[in-house]
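In TrEMBL this protein carries:
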| type | residues | note |
| --- | --- | --- |
| ACT_SITE | B:ASP25 | active site, nucleophile |
| ACT_SITE | B:ASP27 | active site, proton donor |
| BINDING | B:ASP25, B:ASP27, B:ASP247 | Mg(2+) binding site |
| BINDING | B:LYS222 | substrate binding site |
Protein chains: 2
Amino acid sequence: MAPTVLSTPEDYQKLVDSVDTFLLDCDGVLYHGPKVVEGVKTVLNHLRASGKKVIFVTNNATKSRRKLQEALNKLELDAQLEECFGSAYASAVYLSQVLKFPKDKKVYVFGEEGLEEELDAVGIAHSGGTDPEDRDFKPPVDYASFKPDDSVGAVLCGFDSWINYKKIAKAVTYLRSNPECKLILTNTDATYPTHGSLFPGSGSLSIPIVNATKRTPIVIGKPNTTMMDAIIADHKFDPSRALMVGDNLSTDIEFGLNSGVRTLLVMGGVTPREAVFGDNPSHVVPDLVMESFGDLAILAKDKA
Amino acid sequence: MAPTVLSTPEDYQKLVDSVDTFLLDCDGVLYHGPKVVEGVKTVLNHLRASGKKVIFVTNNATKSRRKLQEALNKLELDAQLEECFGSAYASAVYLSQVLKFPKDKKVYVFGEEGLEEELDAVGIAHSGGTDPEDRDFKPPVDYASFKPDDSVGAVLCGFDSWINYKKIAKAVTYLRSNPECKLILTNTDATYPTHGSLFPGSGSLSIPIVNATKRTPIVIGKPNTTMMDAIIADHKFDPSRALMVGDNLSTDIEFGLNSGVRTLLVMGGVTPREAVFGDNPSHVVPDLVMESFGDLAILAKDKA
């Protein structure tokens, strides 16, 4: 089944009329690195003015919503805090609203400020994270110091550039000693693209904990439905009137398909044209395809 | 096919007569934690006096042969340096003698002193390891500082309690930028038993590098045949006149079976009796089984 290609103002208007909530991937849809995609600012303002809900959905786990908002607004996209939904916040919401995390337990954080900030926002206690006690570790390893702690109800792993043996061993000790303790990963991205190269990502930093505990983790980020559960728990919209927009078949589009939300693939990002229109296309087929999300700007012009 | 059970002095004598080289796992065969298995000291001396070669084969990757020797001699086992063969030394020998590692290249070490000492012993240059430059890392990560380096011909990973983002990112950069650069793991042991608990082992600490590069590593430790290739390259014995003795079916016995060396399982270690003699035994079947390696001591007494 081939996707429907949208290319005329009529196509675009029909799309917008059929959607109440736009779930938007960021890099590759709104901007490429430091450059905003042409027309996108107009599109966002037009959608907001038309009463549509806009939610920026990203797997970035180091940034809190506040930091995501700052980053988007550096690009002059007028993002509101409640429009931002990173995997750090998604994890906090998932713990709080989906798992109903017990008030008397805390989360051990293998991650940075962003994760802590979002746990604070939903009122979940935590340890680890930016605590100098865990960050400033120098061997030799004091194995006797690692004690089970039943007050730790979950280990939450994101990107942690302070990764060290103490953090890994603490997380492993809490999980191995307590089958009730949950292992949650913000995402499993193996690499992190920056400075023109690929560096170890969240999924590669947390894998020692997975490997040493043999646990099957709960994974939050796209394309997992846990992320959608968290977004819907927080925003309470009708999935049948939502649209997931992205440039990546294996994260964004699979995410929508897995969650029963319609999908729109935009070209010009990470997906090569052949993966959609070639002789041997990807098995992941979006519902809709258009060249650029910025092309919807023509609707604002028609209206003006 | 059931294993042959050895239980009489005649069985033992026939065994010893058929073997020139005894490859001995350490923990579970020679000792249990701090306690030497009864008779083992006598057996080792008897075998040596009978002109047999004894080689201690362990996956321990933090210890150099010198340190393994010290540890065995604390237990009064009279180990000689050339009798010791840990996965650190095995890795160095594999690089040097099997891979013929080029003289103008160096190895990036994700590991500790033991690995460096063994690379020094075989004359292979190295970086990383105990270099304070790589050990004493504090974020933020300076991504621009990670540069490809074609003089790095291999990344060698063992147990590194100084694991940090810089070490992982350096290793990943060398591997991603140079398909010729090899990824070698001393072993893939997920956990490390100590202080009555299981802590993250070598295999769990190096997995971020495997995951972020999508490389298929060369793995040295038991049960991989690479370890036997290294032992034979160094000791030049006839495998048909060798015997691998161990207490672990999935490392020691598989190691012998994989390498075409006869295998002897001793009881009293990690393998439960049912795995050998039960109704539903393990698919890994040793050639021979005996209660304790120390039982061979009776041969020394008969002789005395």
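Just so you know, the numbers here start at 1 and follow the chain as drawn.
The backbone N, Cα and C atoms fix where each Cβ goes, glycine too.
On the backbone, the CA of the residue listed as 'active site, proton donor' and the CA of B:LYS222 (substrate binding site) stand 14 Å apart. Distance between Cα atoms for the residue listed as 'substrate binding site' and the residue listed as 'active site, nucleophile': 10 Å, as a whole number.
B:ASP27 (active site, proton donor) falls within a strand segment according to DSSP. Cα-Cα distance from B:ASP247 (Mg(2+) binding site) to the residue listed as 'active site, nucleophile': 8 Å (rounded to the nearest whole number). For the recorded Mg(2+) site, residues B:ASP25, B:ASP27, B:ASP247 set the reference point as the centre of their Cβ atoms, and the other residues of that chain within 8 Å of it by Cβ are B:CYS26, B:GLY28, B:VAL29, B:LEU30, B:GLY246, B:ASN248, B:ASP252, B:VAL266, B:GLY269, B:VAL270. Each of the recorded positions B:ASP25, B:ASP27, B:LYS222, B:ASP247 was scored by the number of other CB atoms within 10 Å of its CB, and the largest score is that of B:LYS222. In this structure, B:LYS222 (substrate binding site) belongs to neither helix nor strand by DSSP; it is coil.
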